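J.: Below are the features I grabbed from TrEMBL:
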{"type": "DOMAIN", "residues": "8-90", "note": "domain 'Fido'"}
């Protein structure tokens, strides 16, 4: 496995949000509006920063850390989707 891990940037987050917002949720669920939740975006990047520690040395442990912690509902909707798509960017 490569030791080079790509961390999420604000540009990556924009791309992630665009992916999530482009998905049709079968018209049963409101599409998340992450842009309006600036405090949550700050929490998201603080979480990304915490994932850089040596406690999470590989992509698998970092992904697990992010999925578990993003499910703490930083955003009003779409937390699990955001967690899943975020891990794809590593």
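Glycine residues also receive a Cβ, built from the backbone N, Cα and C atoms like all the rest.
Please treat TrEMBL annotations as automatic predictions, because they have not gone through curation.
Could you place these features in context, so I can see how deep they sit and what lies close by?
T.: Summarising model confidence by region, the domain 'Fido' (8-90) averages a pLDDT of 80.
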J.: Counting each residue once, how many in the domain 'Fido' (8-90) are helix, strand and coil under DSSP?
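T.: Counting residues per DSSP class in the domain 'Fido' (8-90), I get 51 helix, 0 strand, 32 coil.
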